[in-house]
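Among the features that TrEMBL reports, compositional bias 'Polar residues' is placed at 290-302, 526-544. Under the heading region 'Disordered', TrEMBL lists 287-308, 525-554. The repeat 'ARM' annotation in TrEMBL covers 88-116, 131-174, 381-423.
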Amino acid sequence: LIGENGPGDMYYWGGGAPLAQGERGSMASLDSTLRKGPGPSGWRQPELPEVIAMLNYRLDPVRSNAAAYLQHLTYKNDKVKSDVRRLKGIPALVSMLDIPNKEVQHAACGALKNISFGKDPDNKIAIKNCDGVPALVRLLRKTRDQDLTDTITGTLWNLSSHDSVKMEIVDHALHALSDEVMVPHSGWERGSNGAGGGEENCKPRHLEWETALTNTAGCLRNVSSERSEARRKLRECTGLVDSLMYIVQSQIDCKDVDNKLIENSVCLLRNLSYQVHREIPGCERYQEAQPINQGPAPSSQKGGRKDEDQAADIIDIPKRTTPAKGYELLYQPEVVRIYTSLLKESKNPTVLEASAGAVQNLCAGRWTYGRYIRALLRQEKGLPMMTELLAHGNDRVVRAMSGALRNLAIDARNKDLLGKHAVPHLVANLPGGGQSQPVRALSEETVVSVLSTLHEVLGSSLDAAKTLRASQGIERLVLINKDGNRSEREVRGAGLVLQTVWGYKELRRTLEKDGWKKTDFMVNLNPPSNNTRANGGYEDSSTLPLIDKGQAAM
């Protein structure tokens, strides 16, 4: 503020306005110092160009007050944010991050956090273009202050939602975020030195740095959805996957499985598990030929099925000689229990979706660990859990369960069990129920996924085809083909299932008695147009990383 009395009071606004506190980004009590009262001691509101000019002033108190005032002005105000950018305020704020004065650093970083929040990519790009990311990282490595760490990581989370900033963060911030936040504050190092996870870690001090951890996991969740190079760098960053796994396990032990920290962590694990069977170093040694030791489908057995199933279901997983670490933790058999715990306990749809997505990713492709995980998921009762979640009210949760079940059905025994128990639940997600069942308004993407899973499950099982008929599946499939409003992909998906059903000669008499004609099952299957994925292999069915445009809350 410019005092009316001339240069004497220019340095301080009313004796130094209070600094912006934490989240608010505001200086509520500034209003009292901005008295517009008459008389020589009256203040007037400074114009924005004047405030920005003060950022380059030589006295630290002036600069920190100017930055704190900008933090207050930019809070939830997009117009002011772009004005600050236009008036070249962003490079000035970034250069203040290197001034060795705590108040200056806090105020400048608070203003950058507000400016980087929101839909406008230009503010994020402007911060990137004046090397804002390396400047934030230098400060992160220097500071031991929790509030400042929260603000820095919140700013990086805001920046990470824009594609053009993602690799900048991977290249300049990844190791600092891991070394300064994830590893030291997750409790992993303390925990792995004999302390262990478990209930005793659920004391209030369990995660006193929860905000910084949540911001960091959110930032890395965003950048991990960019490209394989980003995923590789994250997987190979020392201690990162170990800390993430430790956080998720601790949250499960504490029954705290719905908050933003676990959501960001599990989404990050899901993204890092994407294409893991192709992208990890030395992946060739885990590749397997076509089906290996999947065991015969137990449908040939009669009577006493339950006990024989249990007795015969032995999974031979060699014991490790050395403990797994780093990215190996992503696909160790132990992760199965993590994801089934989350599917059982979490009420957060994004956590459910990400847990199933991680399972889907790990079970894609023919590789040793995929085979172990498919079998262990069955033993851990994961199949009925996911089948039940097909009735979830959230479209993306339904799609994630369907995709995971499809890849789990590569295992012959799973396929058999799903044919018996999951088919009615899959059918219930197809459009066109009778009066008894209201039609679920699911997206095209989800309907196509459900059709693809049905196709996989019905592929070698007459029993599954009978169950499909008994649960009114034929009606719904034929309806998809006859209904002019369905997309080409849905028609094709339904057509493949119908063809499979007609392929069971033993069923044809029954179907004809039901009133169906051969022509109902012979759908004209145009080859899929442009790049829509064919319905066949499982190789293409890992979930693409979900790009969550999440940003830190201000």
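Even glycines carry a Cβ here, placed using N, Cα and C.
Just so you know, TrEMBL annotations never went through curation; they're auto-generated.
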Taking the repeat 'ARM' (381-423) alone, what is its mean pLDDT?
95
Using DSSP, break the repeat 'ARM' (131-174) down into helix, strand and coil residues and give each count.
37 helix, 0 strand, 7 coil
How does the repeat 'ARM' (381-423) divide up by DSSP, counting helix, then strand, then coil residues?
33 helix, 0 strand, 10 coil
Sort the residues of the repeat 'ARM' (88-116) into helix, strand and coil with DSSP and give the three counts.
23 helix, 0 strand, 6 coil
